[in-house]
Amino acid sequence: LGTDIISPPVCGNELLEVGEECDCGTPENCQNECCDAATCKLKSGSECGHGDCCEQCKFTKSGTECRASMSECDPAEHCTGQSSECPADVGHK
């Protein structure tokens, strides 16, 4: 029997929780132009609100480098154009 406390998501607590597209804090404190702080949803026309592959509320174009190569065994990662997150870091042996 687990003792974990599960609480419903709270919009405005700056934690991205289930059902939220963004959470930038209270409407008075929100600094994210892509996020509607009152609803924790992206504003109309926004594709994203944060991430290495998100610029001005839009996904960065496909092929844009988001993580530099660290060595010949660690190629650079590039944005997909379909997500605000940089793909997982992949290394070659």
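Heads up, the Cβ atoms here are built off N, Cα and C, so glycines get one too.
Some features that Swiss-Prot has for this protein:
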DOMAIN    8-93  domain 'Disintegrin'
BINDING   VAL10, ASN13, LEU15, GLU17, GLU20, ASP23  Ca(2+) 1 binding site
DISULFID  CYS11-CYS40  disulfide bond
DISULFID  CYS22-CYS35  disulfide bond
DISULFID  CYS24-CYS30  disulfide bond
DISULFID  CYS34-CYS57  disulfide bond
DISULFID  CYS48-CYS54  disulfide bond
DISULFID  CYS53-CYS79  disulfide bond
DISULFID  CYS66-CYS86  disulfide bond
REGION    74-93  region 'Disordered'
BINDING   ASP74, PRO75, GLU77, ASP89, VAL90  Ca(2+) 2 binding site
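Swiss-Prot feature annotations superimposed on the structure.
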residue : record                : Cβ contacts under 8 Å, 6 or more apart
ASN13   : Ca(2+) 1 binding site : ASP23, GLY25
LEU15   : Ca(2+) 1 binding site : ASP23
GLU17   : Ca(2+) 1 binding site : PRO9, VAL10, ASP23
GLU20   : Ca(2+) 1 binding site : PRO9, CYS11, CYS40, LYS41
CYS24   : disulfide bond        : GLU14, CYS30, GLN31, ASN32, CYS35, ALA37, GLY49
CYS34   : disulfide bond        : CYS22, LEU42, LYS43, SER46, CYS48, GLY49, HIS50, CYS54, CYS57
CYS66   : disulfide bond        : ASP52, CYS53, THR60, GLU77, HIS78, CYS79, CYS86, PRO87
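Same-chain residues lying 6+ beyond the ends of the region 'Disordered' (74-93) with a Cβ under 8 Å from its Cβ atoms: 47-54, 59-68.
DSSP assignment over the region 'Disordered' (74-93) gives 0 helix, 3 strand, 17 coil. Of all the binding-site residues listed (GLU77, ASP89), GLU77 sits in the most crowded Cβ setting, with the most other Cβ atoms within 10 Å. Each of the recorded positions VAL10, CYS35 was scored by how many other Cβ atoms lie within 10 Å of its Cβ, and the smallest score goes to VAL10.
For CYS48 (disulfide bond), the Cβ neighbour count at a 10 Å cut-off comes to 21, with all displayed protein chains included. Secondary structure at CYS66 (disulfide bond), taken from DSSP and collapsed to helix, strand or coil, is strand.
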